[in-house]
């Protein structure tokens, strides 16, 4: 198929997707409930406007006077009105007091030479002597019991019709089908999938940098969609479904769009949460409609983002499920079994919670292949930075390779945010180029939060923060297995951080030893120990340090088998990898006696870390005071100045001096970098998590006392 034919195919697919498919005639505007409401309102206006054209209204008192004068040929009495037909008047005839009304009837009250009937509003209730007056005058009269068909229409038919039309309009709006397919109340079961053709995606694999392995896996999908005979002649079967898993912000949606852009096929994109709404059975109907549309457009790609919202496990132990979601999932499973893989229909899903997906969804024949879209390494980060910096005017001092080295653990979305923040900072400062200073400030914003220049702290608290951060830096500097210190600051940042110690490694690492964990915990306790040694007591600013040190110790004892007392056993609850870095509901599978032993070992490890930190602080008290004094003077101290004050960092034998190490946190935080206090040790419950930049804060909790 030529490019022009593909383009034409794409244009046909973009037109109305009603029951008649492409080429369906446009809807008549009068079929819209809103149009009917306008027509009814116009009819009411016209009826009211012309209601009194054929009659002449007069006051009720004048009507009674004309009855007494026998001016009417006949009278009709209604529930709240009376109508009188005037007698024919010969030319020049006029009598007594009735002359004036008769002249009016002959003059301005004429139509086709006939006098118009007179109509007056009758006084309701008793005491009305109109009937007696009519009988006395000898005028024939009649009575109407009800309001006739007019009243029936306005009292009953019109309000009901307006209410039904308004309800239909509301249901149409709620169904979300305006401009997206067949309108009306029955459109709830229609899929909300948006069709993106190749010109619309505008993304190819060249835009998906830093995830080369994932691109290589998906290249097979592209080649199958372009040349399926290459695989069919050897008896191969392309996977029906591809599941993209990985942390947030790593480019899963971008990769799916790039796959469709490379293949040049229709791209159905929707979220898993769009299947389930207020009515039971809507989700299953939308699944059926989605696959019906996709089969007509094959070869094509159907991309379901946030698949966990739809495909959560049906296990009763997992909270949050209900019958509607289960029915929708069952329909999806049936549809994925039902379509023929040879038709060229590829299902792609994306999730960052693969551990909660239903096993039936992941079996071969449905989502055959899982592609990990992980955080990029140093080389990948550099490639991503170059893509996002293509339209940014960089200064001569900007080295993107150095920026990539200073951003371990950053996902693609975070790197895009860094470039954008740097450009905004340069524009705010009225610069012509984005310099290295803006990139460093942007990284610091992501790691530690925004500067709180308006937060004023007194001299006593400022001195405590200075010694606290100097304690963190000193212990980490003097222990061989701790991370190198990049920057120390006592400028308040974020929600509750009054200061921070920034540690940015130069390399990516994925394993930790027991010695590295012990030195990490000692560095965490360095701030609290420095406060005790200088001021005689700790402050609330060390609360977050204690939380993270305890978390590291507990994982060493319970998950990693690093406690001599308990031995090489794992007591943690293994539920599979979690890319969100948060724990669900934990179940304890050991006795109370073992739990008490775990608590004792955790306490022993934390106390050991505190003793080691205290030894370092006491041995190097002069260096601690020198850095604290420097912080009180200039507030921010870089690594080069720390080296001039203390000398080179103590490193383990066999390593390059000053070369840092990076380890993952015990539970990967939601943000790609450790922006909370002392996020600093261990790796995930099910294996090493991606490396993280470290920022130790004083006053980590947003507490007024901190």
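Just so it is clear, glycine is given a Cβ too, placed from its N, Cα and C backbone atoms.
Features reported for this protein in Swiss-Prot:
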ACT_SITE  469  active site
BINDING   246, 247, 248, 249, 250, 251, 252, 253  ATP binding site
BINDING   468, 472, 545  Zn(2+) binding site
COMPBIAS  1-17  compositional bias 'Basic and acidic residues'
REGION    1-27  region 'Disordered'
REGION    88-111  region 'Disordered'
REGION    651-706  region 'Disordered'
TOPO_DOM  1-29  topological domain 'Cytoplasmic'
TOPO_DOM  51-150  topological domain 'Periplasmic'
TOPO_DOM  172-706  topological domain 'Cytoplasmic'
TRANSMEM  30-50  transmembrane segment
TRANSMEM  151-171  transmembrane segment
List nothing but the one residue from 252, 468, 472 whose Cβ has the fewest other Cβ atoms within 10 Å; the candidates are the binding-site residues.
252
Rounded to the nearest Å, what's the C-alpha distance separating residue 468 (Zn(2+) binding site) and residue 247 (ATP binding site)? Just drop the number here, would you?
33
Given the binding-site residues 247, 249, 250, 251, 252, which one's Cα is the least distant from that of residue 545 (Zn(2+) binding site)?
247
Other C-beta atoms that fall within 10 angstroms of the C-beta of residue 249 (ATP binding site):
19
Additional residues around ATP, ordered along the sequence, whose Cβ is within 8 Å of the centroid of 246, 247, 248, 249, 250, 251, 252, 253:
350, 352, 373, 411, 412, 413
What three-state secondary structure does DSSP assign to residue 246 (ATP binding site)?
coil
How many whole Å apart are the CA atoms of residue 472 (Zn(2+) binding site) and residue 246 (ATP binding site)?
33
